[in-house]
Structures are given as C-alpha cells and as structure tokens.
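K.L.:
Pasting a structure here, questions to come.
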Amino acid sequence: MLDYLLQQVIFALAIGAIYGLIALGYTMVYGVMRLINFAHGEFFMLGPYLFTFTMAALLALGGLPPLVDTIVAIVVSFVAIGVLGIAVERFAYRPLRAYGRLAPMLSALGMSIVLQNAIRVTVGPQPVHFPAIVPNSPIEMLGGMVTTTQLGILAAAVVLMAGLTAFVNGTRIGIWIRAASESWTTSSLLGIRVNRAVSLIFFIGPGLGAMAGIMYASYYGIMQPTMGSAVGLKAFTAAILGGIGSIPGAMLGGFLLGAIEVFGTAFLPIVSGGAVGTEYRDVFAFAVLILVLLFKPAGLLGETVTEETVVAKKDY
Amino acid sequence: MKRSTILSTLAIALMSAVSPVAAADIVFGGSAPMSGAQAEFGQSQIDGAQLFFDQLNEKGGIKGNKVVFRPLDDRADPRQGTLVAQQFCDAPEVIGVIAHMNSGVTLPALDIYSACEMPQVVPATNPKLMEMGYKTVVRPVANDFKQGALPAKHVSGKLGLKNAVLVHDKTVFGQGIAGVFKENFEKGGGKIAGTFGVNPDDVDFSALIAGIKRENPDVIYMGAGMPQLALFLKQMREQQVNAQFIGPDIGFTVDLIKQASPAFAEGALLTFQLPPYDSSPELVDFTNRHQARFGRPPGPYAALGYVNAQVIAAAAEKAKTFDRDGVLAELHGVKANTLLGPVAFDEKGENVTAPVYLYVVKNGKFELVKE
C-alpha cells in the first residue's frame, strides 16, 4: 500500500508541476491587471508546435549536435511565445484598458479562439505525435517507479519556479512587478513605468506556459490544437484554488489540483469501498474547489479583500 | 418579398449552373467527415462509393441512366449533419443517400431523412440506430454488438485469459461497447475485475493504471476514441502492465502505432469491420483500381463505401420508378453479392451476415488474426 501511495505521489507531482507552471501565467496577469487572460492556454498549446517547427528547421540546416538543437529550440520557443504574448497585450488588451474589465476579457476570449483556430487550420486538427525530449526510461525507487521524463519535468518546473521567485523578490525589475500588482496608480505616481512591468509579465507568463506545453507534449507524446483550452481550464482552476494574484499560490494550487485529481482516480474507489468509481474524479475535484472557496473565498494564499480590490470593483 | 424571389431565382440558376443534372440522371447523395480529425476515415468511404459509381457508369449506368454521386462534408458534427440531411431532402433529384459515418451524426439526421422518405444506407455502427423503427434505413456493416463480442470470445476461448478490466470513456459508444464485451467475456467463463470510467478528453491515465496494476488483470478492454486508446496503451506499457490490450475500430489506424510507439503497441488487438485489402482476389483488384483512379491505395473504409454504393444501386436497379418511393420499395429486399460477401437484411434493416475482423499489431503493422 505504501509503495502504491508513493507511486501516486509521483504522478501527482508530475502533473501538478505542469498545472502550476501554467497557473503562474494566469496569476501574474491577474495580479497586475485584474484581467483573466483566457488566451493563456493557447500559449501553452503553441509551445510544443513552435518547438517542433524550430527543431525541424534546425535539423534541416544540420551541423549542430542534437542536444544543442534541443536547447536552441527550447530557448527560441520561450522567447518567441513571450514576444507573441507582449504583442497580444499591446494590440488586443492595452487599447481596451479604458473600457472597464469586460472588454479586455472578451478580447482575451476572442484571442484564444483566433490562436487555436489558426493552428487548427494551418497544421490540422488531428493530434500529432511529439517525440520525448529526454529518453524515457523507468527507475525503481523505494518500491515505486519513476520515469526520467517525470523527473525531468519536476526538476525543470522547480528550477523555473525558483528562478521566477528569485527574480520577482530579488531584482530591481521584480520590484516593479510587485509594486504594479500592489497598486497601479501609486506605483506610476512613484515613477515606475507600469506598462513595462505589464509587458514583462506578458513575456514571462506565456514563456512559462510554452515551457509547460513542451513538457506536457513530451510527457504524453502528443500535441493537439485543443489541448490549450482543456488544460488551461484546469490551470486556471489551480490559480484560483491557490489564490489568484499570488505567485506561490499558483504553484501550490497546481500541485494541490494534481494531488486531488490523482487522489480522485486512485483512492476514491478504495476509500468508498467501490461505491464511487473513477468516473467521479472531476465531480470530486471540483467539489473540493467549491468547498475551499466557501471557506476561503480568496483562495488558499490569496490576499483578503483590500481597499484596492474594492476600488477595482467599481470598474464593472 | 420581391427581392427574395429574385434572390432565390438567382440561387436556383446558380445551383443548376454548378451541378448540371440532366433530367434522366440518377443522383445519390453521400455524407461523411471529409475534413477534420476523422477525414481519413470519411474520405475513404466517399472514394470507395465514387469508384463503384464510376464503374457502373462505364458499364452503362442503371438501365441506361447515368449515375451521379454527390458527396457532402458533415465534419463529424451532428449540427452540420442535419443541415446536410435537409439539403439532400430538399433536392428532389436525390433518390438515395449513404450517410453518415458517425453514430452521433446519424442519430439526429435519421428523422429528417425518414420525413422525406429518403432511402438511406447507414455506415454508422451503433446498434440503437436500427432499433428506432425507421423504415427508410438499411445497414450493410456490422454493428457494435458484434464488435464487442468477437474479441471477448477470442481472448476467453482461444487465449484462455479469464481476468479482465474494462475502461470506458462514458460516451454512448465507449460505455456501450465495453458492456457488450463484458457480457460475452463473462459468458466465456471470464471475470471482470473492475470497470473504470475516464473522461473522453483525458490524456493522463497513469494514476488509474497504477490502480489497475493492483488488480493484476490479463486483459484490458478499452472502449474509447483516439488519441486516448494510444495514450492509455503507451502509459500502461510504461508502467509495465503487460495485460492483453483490446480496442474498438477507432483505434484501427497507423496513428495508434505511432502515438503509442511501435514497441508498446506490439500485440495489441483491435476489431475492424473490414478484412485486409490483400485477403481476396476481389479486394486486390479493388485496391488496384482505387490506385489507378485516385493515385493512392484505398483508405480504411474504402471497401465499405463501395459496398454501400452496391447496395443502393442494387435497390435502384430493381425499382419500378426512379424516385424515392421506387427505390425505397426495393431497399429492404436487396440481396446482393458484394465486395465483402453476401448482403441481405432482416426486418430491422441489419445485414444478417455482416462480419467483424480481429487484428493484432505485429512489427508496427496490423495483421489479421485468423480464427
């Protein structure tokens, strides 16, 4: 039983890491702009597609060892999706900033449909095989079994999350972001260029989303145009669970949602003596979410309602 | 009012300019997904039917009348399917249809075809479609009852495997076919250790598979779609669950082997309604003609499209008048020797001898399992 438990913890960590990475994008944008960026799931989806094209182009050019190719393709995906994120904010959200919160949100929904259908039309709607980036070999550990891909995902996610935390808390540019998220008006009065902070957030968030997309595609071996909306919704849930607007909250929410889902699949039938089957996984997962929100409406690590958020409500 | 009259006159003029149909031509409609994720399956049916009608015209058509085949794309979407059905109904020259490929698309369209008394040959496989009392339909292809029963008999009888786990995606198709497998497997002396439901768009089955591993089954039957079949197969082999994997017809595509990887797909069993294209001289001949006509080998359902066309043409051949009533009167009585063997219909419109075939993945390819 203990090895079974351990095995399930490994699965929960792997999927939770991916949810957490995507949730970061939702939470950072919300923190500063009070905007739910519905297009964020599509950046996650675009990551593996762009990675595949870059890899194909690099292989066609030739001359580089495969490891260098992979690293270059990963960096290109991060930067290109990040730049796309900045462009989306600049042209689809910023002009609507003066028109309350509904207009940018609808614009984000539209952007999501545009990006998803662009891939659907140009590449095709069918799922495409995605090769494993790290060789996928199983390792026996304490009675459970972990694959190198799972370890790779976990390691990469932890490094990215630690890097982001250090960046936001420890650097001067990070201070801009935190200041902008605390109070837009005050920080601009203090001479912080809030628009730069916003652009930076729209670079980092989609970039991290793209990384999560590459990990996800490499883990499951496929990518498809609809994966952004399906997984994006889960990650958005994770962001709310952890407390939207809070960076550690998004990470916690991701791992927690992963754990709840795995628990719902692996232990619900055992705990209930077979009365409740695996098909109730989502019922269980979202019931937990509702319960958490009932007792902590701002999410687990979310800030409680401040004057600032009350002011923001006037926008409606 | 006036404007709309002009517009509709224009539309009619345009339509007749696009598809010039002489008064004596016989028109059959056909519909399947010709774009989207299932286009490979749908287009192959359309191609197969087109091939038959071309050949028929070379031999002089039906009683000297040229046959025109009019294929329309339903995108595997029930909403689009009902629009297509209405379009066929509204075109008086269409006197028979081969439609649709997906059970979910066929279901709402049945009522529309029936209301305009359209003779319909159904390629979809859900058993319920023929039990709704419509008098306008026949189905040459085997339904899902047969598809679930065949592998159950094979593994419990020939392979002697007795401990199975069922996984289904909670859809009408997936849950239904898993239920049929269960019934037949238990009849063969087998035991079902557990039934698990997943979501139709799930991609992560690892937690579930770890649970299944504890049951230590020797058979896993999965009633689901693609890519879920491939993903489940890959993830269960990754966790070193070596039970016999069985899936339904949707998995009968090279994508399954590609997405699960050839090494992990090895030994998986899948059911399909058609024999391999090299299994009879007629089918070899069909393959060659398909290659000559379209410049590519026949797709997965091409021979079925051909057979469906044979059936509707056979009904028209015997019809006293070349209209819907004439064809409908003969549809249920059709007895034909088709490319895939004899076809005759029972009172529900099901083919009494429709076969199903079992395939195994061997060296990265599908191979027929001989009984």
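Cβ coordinates are placed from backbone N, Cα and C, and glycine is handled just like the others.
Heads up, here are the entries from TrEMBL:
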- A:6-31: transmembrane segment (TRANSMEM)
- A:43-64: transmembrane segment (TRANSMEM)
- A:70-88: transmembrane segment (TRANSMEM)
- A:151-177: transmembrane segment (TRANSMEM)
- A:197-219: transmembrane segment (TRANSMEM)
- A:231-249: transmembrane segment (TRANSMEM)
- A:255-276: transmembrane segment (TRANSMEM)
- A:283-301: transmembrane segment (TRANSMEM)
K.L.:
Please determine whether the transmembrane segment (A:197-219) and the transmembrane segment (A:283-301) are in contact (criterion: at least three Cβ-Cβ distances under 8 Å, sequence separation 6 or more).
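P.N.:
With fewer than 3 qualifying Cβ pairs, these stretches do not touch.
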K.L.:
What residues in the same chain, six or more past the boundaries of the transmembrane segment (A:6-31), come closer than 8 Å to it by Cβ-Cβ distance?
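P.N.:
For the transmembrane segment (A:6-31), the list is 37, 40-41, 43-44, 141-146, 150, 153-154, 157-158, 160-161, 164, 177, 181, 201-202, 204-206, 208-209, 211-212, 215-216, 219, 231-232, 234-236, 238-239, 242, 244-247, 249-259, 261-263, 266-267.
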K.L.:
Would you kindly list the residues that approach the transmembrane segment (A:70-88) from elsewhere in its chain, counting only those six or more residues past its ends and only Cβ-Cβ distances under 8 Å?
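P.N.:
Residues 39, 43, 46-47, 50-51, 54-55, 58, 64, 111, 133, 199, 202-207, 209-211, 214 contact the transmembrane segment (A:70-88) from elsewhere in the chain.
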K.L.:
What residues in the same chain, six or more past the boundaries of the transmembrane segment (A:283-301), come closer than 8 Å to it by Cβ-Cβ distance?
P.N.:
237, 240-244, 246, 248-249, 252-253, 256-257, 260-261, 263-264, 268, 276
K.L.:
Below 8 angstroms Cβ to Cβ, which residues of this chain, lying six or more residues outside the transmembrane segment (A:255-276), approach it?
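P.N.:
Residues 4, 8-9, 11-20, 234, 237-238, 241-242, 282, 284-285, 288, 300 contact the transmembrane segment (A:255-276) from elsewhere in the chain.
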K.L.:
Residue list, the transmembrane segment (A:43-64) vs rest of chain: Cβ under 8 Å, 6 or more residues beyond ends.
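P.N.:
Cβ under 8 Å, 6 or more out: 22, 25, 70, 72-74, 76-77, 80-81, 84-85, 115-116, 119, 123, 128, 130, 205-206, 209-214, 216-218, 223, 225-228, 231-232, 235.
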K.L.:
Residues of the same chain, at least six outside the transmembrane segment (A:151-177), with any C-beta under 8 angstroms of its C-beta?
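P.N.:
For the transmembrane segment (A:151-177), the far contacts come to 13-14, 17-18, 20-21, 24, 28, 32, 133-134, 139, 187, 192-194, 196-197, 200-201, 204, 208, 211-212, 215, 219, 247-248, 251.
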